[in-house]
Amino acid sequence: MVYPKKNTSDINFNIFMCFLLVITIVLILIKNHNKLPYESINYMIKPSEYSILFDEPIQPIPLKVELNKDKVKLGKRLFHDPQLSQDNTISCASCHNLNTGGTDQMVRSIGINNRMGLINAPTVFNSGFNFKQHWDGSVETLEEQIDRPIHAEHEMGSNWQEIFSKLKQSPEYVSLFNQLYKDGINSDNIKDAIATFERSLYTPNSRFDQFLRGHKNALSSSEQEGYRLFKAYGCVSCHQGVNVGSNMFQAFGLFGDYFKDRGKLTKADLGRFNVTGNERDRYVFKVPSLRNVALTSPYFHDGSAETLEEAVTIMGKYELGRRLSPNDIGLIVKFLKTLTGEYQGKPL
């Protein structure tokens with residue numbers, strides 16, 4: 001039998017493509033390793049906690065995060081303390097209420113002197129998994145994030161020296177800081193404590209996470225169909241990973257001009273452009289997490305969508321270039337409602 005000769009150029013090309021693929025994967029792994037949020041934190045992810053569906057673009061939230069309990073306790077107290085604001089009326093919890101999905105469920109938050117905020121407050125739950133903070137991704141860490149609301153005139157309108165003066169009048173605060181930090185009360189330590197508390201605000205064990213871990217009955221057939229549509233339409237292109245988002249930037253209005261249709265452009269609408277000044281970043285935002293999304297209305301950076309149905313419709317039109325049917329929208333919303341997790345062992 002005579003076998004056809006193999007084309008050497010084809011073989012070399014295939015070898016080259018395989019080599020290129022390996023190099024690309026290695027570079028991605030290196031990049032992601034360098035970008036791991038808070039590498040010093042033990043997220044306690046055991047092999048048994050990963051999705052048994054290895055090809056799924058979404059992975060369950062780890063069931064346990066190891067943190068310094070005393071710092072969490074101090075951070076919780078600071079998070080709820082209005083003394084961090086200029087007039088002692090606004091705390092972090094004012095805009096990020098743990099009883100309402102980690103938000104205030106307002107289009108824009110109200111700060112000191114009844115001043116209206118510039119943008120919709122994102123949820124604080126699972127913020128420790130975000131690759132950057134703020135809608136415009138202007139800061140890398142939770143520690144850095146704290147500076148903006150502290151100083152913003154339309155939020156807390158304070159400054160660190162004023163906050164130090166208030167906290168040092170409390171013997172209990174002085175004692176707590178001295179026990180945890182060699183240099184006592186200062187901005188770095190305040191931010192460290194609050195950020196540690198915020199990292200404790202993870203919400204595992206949603207019904208969808210249970211489904212990913214192999215409990216097929218955790219979702220109804222219609223909820224599973226909603227997830228299938230979520231992937232089929234391409235929603236998962238931006239909303240994936242442990243946090244179902246918050247790991248990349250994307251333009252708002254890939255198909256059609258959302259802002260022209262909505263009207264009345266604001267500075268906040270410029271998104272990441274306000275950070276970089278690059279024209280390509282105009283209307284670009286950090287993709288929000290969809291964890292607990294059923295509890296965090298209104299939606300988008302401008303709070304313009306009051307319901308999940310409205311939000312899915314808008315996303316279909318402007319991000320996917322598709323007009324989704326009411327039936328498909330309803331199924332996707334059913335899936336999204338399965339992303340509501342637990343906090344400290346209790347359903348949100």
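Using the three backbone atoms N, Cα and C, a Cβ is placed for every residue, glycine included.
Here is what TrEMBL records for this protein:
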- C92, C95, H96: heme c 1 binding site (BINDING)
- C235, C238, H239, M315: heme c 2 binding site (BINDING)
- 70-201: domain 'Cytochrome c' (DOMAIN)
- 221-340: domain 'Cytochrome c' (DOMAIN)
- 12-30: transmembrane segment (TRANSMEM)
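Everything TrEMBL records as a feature, shown here on the structure.
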| residue | record | Cβ within 10 Å |
| --- | --- | --- |
| C92 | heme c 1 binding site | 25 |
| C95 | heme c 1 binding site | 23 |
| H96 | heme c 1 binding site | 23 |
| C235 | heme c 2 binding site | 23 |
| C238 | heme c 2 binding site | 18 |
| H239 | heme c 2 binding site | 26 |
| M315 | heme c 2 binding site | 22 |
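Across the domain 'Cytochrome c' (70-201), the model assigns an average pLDDT of 98. Applying DSSP to the domain 'Cytochrome c' (70-201) sorts its residues as follows: 66 helix, 6 strand, 60 coil.
Put simply, of the binding-site residues C235, H239, M315, the one whose Cα is nearest the Cα of H96 (heme c 1 binding site) is H239.
Between the alpha carbons (Cα) of C238 (heme c 2 binding site) and C95 (heme c 1 binding site) lies a span of roughly 26 Å. Between the CA atoms of M315 (heme c 2 binding site) and C92 (heme c 1 binding site) there is a gap of 30 Å, rounded to the nearest whole number.
Counting in whole angstrom, C95 (heme c 1 binding site) lies 24 from H239 (heme c 2 binding site) by their C-alpha atoms.
The secondary structure of H239 (heme c 2 binding site), as reduced to three states from DSSP, is coil rather than helix or strand. On a Cα basis, C92 (heme c 1 binding site) lies 31 Å away from C235 (heme c 2 binding site). In this entry, heme c 2 is bound by C235, C238, H239, M315, whose most widely separated C-alpha atoms sit 12 angstrom apart.
The heme c 1 site, placed at the center of the C-beta atoms of C92, C95, H96, has further neighbours from the same chain whose C-beta lies within 8 angstroms: F79, S91, A93, S94, N97, D104, S109, A121, V124, P149. The DSSP breakdown of the domain 'Cytochrome c' (221-340), given as helix, strand and coil counts, is 59 helix, 9 strand, 52 coil. What surrounds the heme c 2 site, by Cβ distance within 8 Å of the Cβ centroid and not counting C235, C238, H239, M315, is the set F230, G234, V236, S237, G245, V287, L290, E319, L320 from the same chain. The distance from the Cα of C92 (heme c 1 binding site) to the Cα of H239 (heme c 2 binding site) comes to 26 Å.
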